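Reading through the structure tokens given below for one structure.
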Amino acid sequence: MQGIYLDNAATAPVNEDALQGMVEQMRIGGNASSLHAAGRRARMAVETGRERIARSVGADPAEVIFTSGGTEADNLAVKGMYWKRRENRPDRNRIFLSTVEHHAVKDAVLWLEAHQGARVEWLEVDSEGRVDPQDLEQRLGSGADDVAFVTVMTANNEVGTIQPVAELASACARAEVPFHTDAVQAFGAVPVDFSALGCASMAVSGHKIGAPMGIGALVARRDAPLAPVIHGGGQERDVRSGTIDSPAIVGFGIAAEQAHDRLDEESERIRRLRDRLVEGVQSRIPEAVLRGPTDLSPGSRLPGNAHFTFPGCEGDSLLFLLDMNGVLSSTGSACNAGVPRPSEVLLAMGVDEVTARGAQRFTVGAATTEADVDALLNALPTAYEQASKAGMADHAPVGPWS
Amino acid sequence: MRVLAAMSGGVDSAVAAARAVDAGHDVVGVHLALSRMPGTLRTGSRGCCTIEDSMDARRVCDKLGIPFYVWDFSDRFKEDVVDNFIDEYAQGRTPNPCMRCNEKIKFSALLEKAVALGFDAVCTGHYAKLVEDPDGNVELHRAADWAKDQSYVLGVLTHEQLKHSMFPLAETPTKAEVRAEAEERGFSIAKKPDSHDICFIPDGDTRGWLEERIDLEEGEIKDTSGEVLGTHRGARAFTVGQRKGLSIGRPASDGKPRFVLEIRPKTNEVVVGSKEMLAVDEIRGIRETWAGLPAPEAQRFDAGTDQPGATSESFDILAQVRAHADPVPAVAHLEIGNVDGEPSRELVVRLEEPLRGVAPGQTVVIYQGTRVLGQATINRAYSLSRPDIAGH
């Protein structure tokens, strides 16, 4: 990755061993569904990968359904559960989700609302972006018979908030409602134990942990109610079709195994770097406001995540100036079809639109060094000063030319 | 110089950016996101504002080896251009949204942000020329290709803005040459159609678009004598000079087509008359700006009185009232006149030959030779010889 890369939540640098394993498997070739020797060999690679991933998330290999990535896994969970749960019970059309879900979940749910008669129940978050399990418990307590499912992410991609998913999952279990969690950001960053969590399904992605892009998985209990979204040969447990991507799965397996084995050590190292970053930003720019949990411990916030709003400046100005200095960051919010808009996550946390425009996310990862963090801290004050001069030029009238 | 190239995704801005790179400048490409909900793919005649257009701009920057960003100006654009367009029509005026966009977005919000972020200039694909005198004063002139010349829509730029502008297509003999150059440079957009129409009205149906946004009430169509000729669906959706869409049951006594002469938003009336009656020979503009140093007569007037009725010395100009209209010789002066009962500074343009279809809200750009002197927003236009027509 070129430059000072502080955007690991967007994608992580590829794991060298994963890359090698993947390239090797591409050379070996073979279709894992074929019955001959070449097929068996590819199948062996796939099942080894499946076992590695299962181990790294505390699941049984049979619970791992490979997909093209996190977004497809979320879509399979959201639509698949909605359809399956309503097969004999069309009245089950309520869906609970948090207001800070990733678009992969949120937009899939909104599509069901627009086209399939779903009734959406929002779970509000507090100013740190956290859902209240009591709120869910109460709302399910007053009647959950018509609920299709509940979904809340394990950790937020923008502000790093870790959600109380175990509590949410048990509230759902008591109400006998399936619970899905998008664990794309949490996987590889904090311990994830699928069986202990007690959720019906969980989405994970390869490229956030050093595997290639284009591979992910829906980890789903055997009894998870799922209807297929992609129809075809039924290669993956009859709910996901398409030729199995054995090279990507090999890479995914290696990256997952290494991330899991090094988790304690790595997350501590990453956390220290992130803390240095947060303290450094706060001491150099006292006006900067840390968004997301103020408790930086890994139970509360992703160890690699730092997110600030910088008053009086546009996030994209800051991004531009840092980029020009070789420091790669993010405004945090996913682009709405290419157009940078204020983050819906920050708005859901009660931040006003103008403040939200000053957002900047820095995410530390496996390849980040202390020198990277210091490079950001050196570049940031000047960038902030200059971005403040540019102000909200593209937003509100200021200055001599308006 | 550090140059920000504003890139629509079209051929002109792409070649302009390429030339800025060739000239040795440090160039960054920026596509302005002007719509909150941009379309995914280009449709119809437009050449900007979709994700596909933004991608076209990005691919050009990749070819040029320069960074590329998309900046969100959709709030400003909505407020300053789209809402203003609707408001102006609602007041019975005919705005030019492209000029407004140049004035408020490209050479204001964008330029301001660019300068603050350390750029020296904003580069665009407009066909116009900048000339710098030895004292560092910048003049705006017509482009070499008069057929493509866009100095009219830039007439609203001030001296300060011109000093931070760059128009690398100034000397290009023809648009065909720009396309050939784009082809040679390997830009995939070399054959992309020119954009026309208003970018925020996708299907080009301005009237239909306005009708959805302006409260329209049925009203009377009258002739200049006050006789009622028919009814219309809402005066504010009409434009002076318009011929189509007037549903008048009976033909005019002279059998000739009738045109909109005047829109009276307060009484919701549309006044129609013959083509000849559209002719005006005096225009009064307000909120004048100077594209560079003001005319000497204006400078001397500034130093003089601001008493109502005061006038400046006259100066010879060429006046142009639309982007693709021919300029006509005229004599101009400044005057402290009366606008809606308030003393107000006006640019008075007396035309040596009459013009037709001049609507309040349009811009009169004044030239001396190829040089753009400045512009003003037309507030009134009338015929000095026909006082029976109230004035548009």
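Using N, Cα and C of the backbone, Cβ positions are placed for all residues, glycine too.
Feature annotation from TrEMBL assigns ATP binding site to B:ALA6, B:MET7, B:SER8, B:GLY9, B:GLY10, B:VAL11, B:ASP12, B:SER13, B:LEU32, B:GLY125. Following the DSSP three-state reduction, the secondary structure of B:ASP12 (ATP binding site) is helix. Applying an 8 A CB threshold to same-chain residues 6+ apart, the list for B:ASP12 (ATP binding site) reads B:GLY125, B:HIS126, B:TYR127, B:LEU169, B:LYS175, B:VAL178.
Taking Cβ-Cβ distances under 8 Å and a sequence separation of 6 or more, the neighbours of B:CYS101 (active site, nucleophile) in its chain are B:LEU34, B:PHE77, B:ASP80, B:VAL81. Annotation source TrEMBL lists active site, nucleophile at B:CYS101.
Residues or ranges marked as active site, cysteine persulfide intermediate in TrEMBL: B:CYS199.
Annotated domain 'tRNA-specific 2-thiouridylase MnmA-like central' per TrEMBL: B:209-274, in sequence order.
Summarising the annotation, TrEMBL assigns domain 'tRNA-specific 2-thiouridylase MnmA-like C-terminal' to B:312-378.
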> For the domain 'tRNA-specific 2-thiouridylase MnmA-like central' (B:209-274), what's the model's average pLDDT?
Replying inline: 83
> Given that the record lists B:ALA6, B:MET7, B:SER8, B:GLY9, B:GLY10, B:VAL11, B:ASP12, B:SER13, B:LEU32, B:GLY125 as binding ATP, what is the largest C-alpha to C-alpha distance among them, in Å?
Replying inline: 16
>> Based on DSSP, tally up the residues of the domain 'tRNA-specific 2-thiouridylase MnmA-like C-terminal' (B:312-378) by helix, strand and coil.
In response: 0 helix, 46 strand, 21 coil
>> Is it possible to list how many residues within the domain 'tRNA-specific 2-thiouridylase MnmA-like central' (B:209-274) are helical, extended or coil according to DSSP?
In response: 8 helix, 20 strand, 38 coil
>> Rounded to a whole angstrom, what is the C-alpha distance between B:LEU32 (ATP binding site) and B:CYS199 (active site, cysteine persulfide intermediate)?
In response: 13
> Whole-number Å distance between the CA of B:SER8 (ATP binding site) and the CA of B:CYS199 (active site, cysteine persulfide intermediate)?
Replying inline: 11
> How many Å lie between the Cα of B:CYS199 (active site, cysteine persulfide intermediate) and the Cα of B:ALA6 (ATP binding site)?
Replying inline: 16
